[in-house]
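Engineer: Have a look at this one before I ask anything.
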Amino acid sequence: MNEPISNSSKKTENTTQGVRKIRTMIEGFDEITHGGLPIGRTTLVSGTSGTGKTLLAVQFLYHGIKYFDYPGLFVTFEESPTDIIQNAYSFGWDLQEIVDEGKLFILDASPDPDGQEVVGSFDLSALIERIQYAINKYKAQLVSIDSVTAVFQQYDAASVVRREIFRLVARLKLLGVTSIMTTERIEEYGPIARYGVEEFVSDNVVVLRNVLEGERRRRTAEILKLRGTTHMKGEYPFTITNDGINIFPLGAMRLTQRSSNARISSGVKTLDEMCGGGFFKDSIILATGATGTGKTLLVSKFLEEGCRQGERAILFAYEESRAQLSRNAFSWGIDFEEMERKGLLKLLCSYPESAGLEDHLQIIKSEISEFKPSRIAIDSLSALARGVTNNAFRQFVIGVTGYAKQEEITGFFTNTTDQFMGAHSITESHISTITDTIIMLQYVEIRGEMSRAINVFKMRGSWHDKGIREYSINESGPTIQDSFRNYERIISGSPTRITVDEKNELSRIVRGVKDKTLDEE
């Protein structure tokens with residue numbers, strides 16, 4: 001994602017339209033800022049309470065010291081230095097060690113617990129001088145100030161505090177340091193800052209949000225402004241992991257992954273034939289249909305085939321437990337437990353509501369990075385779509401499919417439709433365009449009996465069987481049979497039997513059209 005870590009300024013600083021930047025090494029942040037934060041300028045980080053402002057400020061300093069050996073200064077107006085150091089330990093950052101090494105200095109400007117009385121006119125002259133002294137003494141190149149909102153809350157004269165904040169920003173710019181200044185806002189979508197600080201710190205503005213969408217909260221980061229340089233527009237989802245902030249720059253993803261002509265087996269011989277010899281390696285397959293149509297069975301056969309060939313595979317299940325998946329698979333002659341014992345299969349089961357979509361995406365990426373599978377399956381996408389917006393869900397699917405293709409992994413996903421019989425939409429969340437192959441499964445009623453139908457609805461770059469075939473499920477798995485040759489309107493859910501005379505008449509018409517075409521030629 002980033003350039004190789006180096007202490008040389010040549011590799012840590014970037015020039016974009018005359019503005020030099022320093023990489024933050026925060027996952028995804030350097031992508032959406034097109035190279036990091038502008039050097040020698042102050043960036044305002046605004047957000048409501050709990051959005052991760054302080055975390056971003058601390059991570060910015062820690063990474064600068066760790067990766068580039070840039071000394072840093074942290075000015076705190078809210079938390080005590082002890083709390084900041086203790087909280088950083090949760091992410092594996094030993095701030096006390098770098099403080100002892102003289103690479104980080106924490107300047108405590110937090111309120112006096114015994115209270116304080118302001119006599120006469122208020123100014124930050126003494127604090128500004130302390131900050132300048134610390135910058136010069138420790139040769140600090142990076143500064144984080146958290147948070148200027150606390151200064152306004154301590155003193156009544158807001159206009160005077162604005163003036164003093166402006167003086168502080170001007171001094172930081174004069175000293176040539178790259179700084180982050182956090183501020184709090186009241187609403188997720190409203191004024192940038194609570195006290196109009198953005199009027200003075202307007203070169204660069206980053207907005208962090210934690211919005212309740214549907215039934216779940218969703219964190220996003222937006223680069224509102226980077227004066228004099230380019231950046232990506234819009235909101236980008238992020239999550240907070242054990243390593244700190246992790247942004248998913250979905251808009252930065254490029255369609256540059258390689259495409260293989262190699263085929264892999266689905267684990268079902270007849271389905272391979274319907275797909276022209278199997279699925280393309282590195283492709284994304286979607287099986288969609290009502291509950292009970294056999295989607296999980298197809299996924300199980302797909303994973304079994306991969307493990308049979310010595311490939312590693314991961315199943316991310318969001319509807320069934322490990323025990324239930326293993327039991328059901330065993331009833332079809334598939335031994336998931338044996339595959340796990342051999343180290344070829346990994347089953348990961350969790351409720352969709354246990355985390356946000358960004359957290360699920362991060363877990364999927366981490367597990368893939370650690371286990372290095374050739375095949376993955378998600379059962380099912382529709383479970384993850386519950387309680388979230390279409391846009392958030394689509395971004396999640398793009399993130400998963402993009403990462404799978406980048407890692408050259410074949411993905412098999414399932415989607416449960418609401419409609420039990422008949423035609424159903426597979427484009428409600430716009431995921432059909434993201435997948436390479438779509439397999440439609442559905443129930444059909446023929447002569448008073450319920451049957452199952454399977455159809456390869458779409459397959460990019462390959463011939464595939466257009467027929468709608470009947471299939472059944474027994475103890476050995478799925479059995480795909482011939483097409484419903486004597487029926488039409490299967491997909492609509494209202495199959496109609498075609499009589500022999502009608503078939504002959506249709507054949508005669510087709511022959512007549514062909515003969516007429518040949519005569520004209």
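Glycine is treated like the rest: Cβ placed from N, Cα and C.
As annotated by Swiss-Prot, ATP 1 binding site applies to G50, T51, G52, K53, T54, L55, S90, K225, L226, R227, T229, H231, T241, with the evidence given as sequence analysis. Sequence annotations record features per position, and here Swiss-Prot assigns Mg(2+) 1 binding site to T54. Annotation comment: Swiss-Prot describes 291-297, W332, R452, 458-460, S462, H464, K466 as ATP 2 binding site, evidence class sequence analysis. Marked as Mg(2+) 2 binding site by Swiss-Prot: T296, E319. Taken from Swiss-Prot, the feature domain 'KaiC 1' covers 1-248. As annotated by Swiss-Prot, domain 'KaiC 2' applies to 262-521. Feature annotation from Swiss-Prot assigns phosphoserine to S432. The phosphothreonine annotation in Swiss-Prot covers T433 and rests on sequence analysis.
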Engineer: Just give me the nearest neighbour of L226 (ATP 1 binding site) among the recorded positions T291, S432, R452, Cα to Cα.
Structural biologist: S432
Engineer: Determine the minimum-neighbour residue: among T54, T229, T241, T433, listed as recorded positions, which Cβ has the fewest other Cβ atoms within 10 angstroms?
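Structural biologist: Relative to the other recorded positions in T54, T229, T241, T433, T433 has the fewest Cβ atoms within 10 Å.
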Engineer: Could you round the CA separation between T293 (ATP 2 binding site) and E319 (Mg(2+) 2 binding site) to a whole angstrom and send it over?
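Structural biologist: That separation, Cα to Cα, works out to 15 Å.
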Engineer: Would you pick out, from the binding-site residues G50, G52, the residue whose Cβ has the largest number of other Cβ atoms within 10 Å?
Structural biologist: G52
Engineer: Which of the three DSSP states, helix, strand or coil, fits T296 (Mg(2+) 2 binding site)?
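Structural biologist: DSSP call for T296 (Mg(2+) 2 binding site): helix.
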Engineer: Pop the Cα-Cα gap between L297 (ATP 2 binding site) and T54 (ATP 1 binding site) into the table, whole Å please.
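Structural biologist: Spelling it out, the Cα of T54 (ATP 1 binding site) and the Cα of L297 (ATP 2 binding site) are 47 Å apart.
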Engineer: Where the record says G50, T51, G52, K53, T54, L55, S90, K225, L226, R227, T229, H231, T241 bind ATP 1, what is the longest distance in Å from one Cα to another among those residues?
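Structural biologist: The span, Cα to Cα at its widest, is 34 Å.
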Engineer: May I ask for the distance between the residue listed as 'phosphoserine' and E319 (Mg(2+) 2 binding site), taken between their Cα atoms and rounded to an integer number of Å?
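Structural biologist: For the residue listed as 'phosphoserine' versus E319 (Mg(2+) 2 binding site), the Cα atoms are 21 Å apart.
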Engineer: Using a 10 Å cut-off, grab the number of neighbouring Cβ atoms around the Cβ of E319 (Mg(2+) 2 binding site), all chains included.
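Structural biologist: Around the Cβ of E319 (Mg(2+) 2 binding site), 18 other Cβ atoms lie within 10 Å.
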Engineer: Measure from the Cα of T296 (Mg(2+) 2 binding site) to the Cα of every one of the binding-site residues S90, T241, R452, S462, K466, then give the nearest.
Structural biologist: R452
Engineer: Write out the long-range same-chain contacts of S90 (ATP 1 binding site), meaning residues 6 or more apart in sequence whose Cβ is under 8 Å from its Cβ.
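Structural biologist: Listed in sequence order: N242.
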Engineer: Could you round the CA separation between E319 (Mg(2+) 2 binding site) and T229 (ATP 1 binding site) to a whole angstrom and send it over?
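Structural biologist: It is 46 Å, counting Cα to Cα.
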